[in-house]
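Quick look at what Swiss-Prot annotates:
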type: DOMAIN; residues: 138-423; note: domain 'Protein kinase'
type: BINDING; residues: Val144, Gly145, Thr146, Gly147, Ser148, Phe149, Gly150, Val151, Val152, Lys167; note: ATP binding site
type: ACT_SITE; residues: Asp263; note: active site, proton acceptor
type: MOD_RES; residues: Tyr298; note: phosphotyrosine
Amino acid sequence: MNVMRRLKSIASGRTSISSDPGGDYALKRAKLDQENDNLCVDPMQVDQNSSCFEMKADVLSQESVAGTSNVPAVSEKPVDDQLPDVMIEMKIRDERNANREDKDMETTVVNGSGTETGQVITTTVGGRDGKPKQTISYMAQRVVGTGSFGVVFQAKCLETGEQVAIKKVLQDKRYKNRELQIMRLQDHPNVVRLRHSFFSTTDKDELYLNLVLEYVPETVYRASKHYTKMNQHMPIIFVQLYTYQICRALNYLHRVVGVCHRDIKPQNLLVNPQTHQLKICDFGSAKMLVPGEPNISYICSRYYRAPELIFGATEYTNAIDMWSGGCVMAELLLGQPLFPGESGIDQLVEIIKILGTPTREEIRCMNPNYTEFKFPQIKAHPWHKIFHKRMPPEAVDLVSRLLQYSPNLRCTALEACAHPFFDDLRDPNVSLPNGRALPPLFNFTAQELAGASTELRQRLIPAHCQGTGSSS
């Protein structure tokens, strides 16, 4: 059934919208899970025999842009900076120095690609500013994610025994890697940490960038799927914790780093299953959005793609991340994606089924250049009918504030952090179900709170944390 016939059927009342927003979601879920099994190893599990680290393997949509590549996408300006000759000649960079200056390192990759089990990759760090050279060796343990971007493998540092994840991507020698440049700027408890990076070559003289990342043993996707398989809903405390940390990380990215992630989805949200600290990963699609400068609209995995992207907007804002965050929150509450479209247009149908037909003004806010307006008039489906009757009203309210057609009406990340839905987290007596203390939630830096009103600050930081500079 084409998009117009489907919308007309919904408008006429022939197609109902039940508590299963996707309608035939079970079939779509089965197809999705099969794609997961075929395209990528499952995200990391808690048990030691099956733990893995899922990154950019986009199993939700073949339409998603794998922006990790250094080759600029169509209509998006390339990163013009040329790589220094020393990098082309296989000198490597150490990202751990405080002043962001580059340090040369040499790398050796023994026979093979460096990703086979047991393969050892040796790099030499230091050798500048009077500091001695230090050899670091990583033993590849398993490939845990593949995609058009390259490969991610789990490795062990032989000197320290530390587990890391190494993301290996083909490097275009003409350009700097945008993902690397962005990750070098970041330092936040809810953003995956870049330990350092190095370059390696193959027998075909191909240059690869290797990002050495901290290892986090779970994903929100896997955690959610765990409860779905048991026919249970994720405990509300975990929905609160994960959503809050997503919003806090997005506030940091948007306001401090000045970056839009552009691919927020459960697979890109890492979680420590013991502490429940969340970290956003995979900055292969991330970009600093410049007002007036066009960007590609074919970005973000489909289920989490903001409507302005579907309408072809090229001058969008960080609000696309807030839409994606709202979709993730709704999915955790429902146990399934809220908008499970099977194509770009089908995605719009799923959104309209719940939000109703966008008004002309809403379409103008999403894309001023979009003039076509032929959609049947469909009324918005009440949010309280989408979720279970016992769902906290604060949860429903926050979802509704994030999933607005007009990007400028969506609450900002910092405003979301102050929402009453998270008041339970601000209770000094609250703890994790396992008895542990909550992960750091309120240790905001001055940069994170820059521009926030006194009232907002008071709502953000609970009384028992104010003036202490410490987190819960």
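Just so it is clear, glycine is given a Cβ too, placed from its N, Cα and C backbone atoms.
A 10 Å cutoff on Cβ-Cβ distances gives Thr146 (ATP binding site) a total of 17 other Cβ atoms nearby, all chains included.
In this structure the alpha carbons, written CA, of the residue listed as 'phosphotyrosine' and the residue listed as 'active site, proton acceptor' are 11 Å apart. Ser148 (ATP binding site) sits 15 Å from Asp263 (active site, proton acceptor), taking the Cα positions as reference.
Between the two most distant C-alpha atoms of the annotated ATP binders (Val144, Gly145, Thr146, Gly147, Ser148, Phe149, Gly150, Val151, Val152, Lys167) there are 14 Å.
Each of the binding-site residues Val144, Val152 was scored by the number of other CB atoms within 10 A of its CB, and the lowest score belongs to Val144. Annotation note: Asp263 (active site, proton acceptor) sits in a coil segment as assigned by DSSP. Gly150 (ATP binding site) falls within a strand segment according to DSSP.
Cα of Gly150 (ATP binding site) to Cα of Asp263 (active site, proton acceptor): a span of 17 Å. Of the recorded residues, Asp263 (active site, proton acceptor) and Thr146 (ATP binding site) place their C-alpha atoms 17 Å from one another. Val144 (ATP binding site) falls within a strand when secondary structure is assigned with DSSP.
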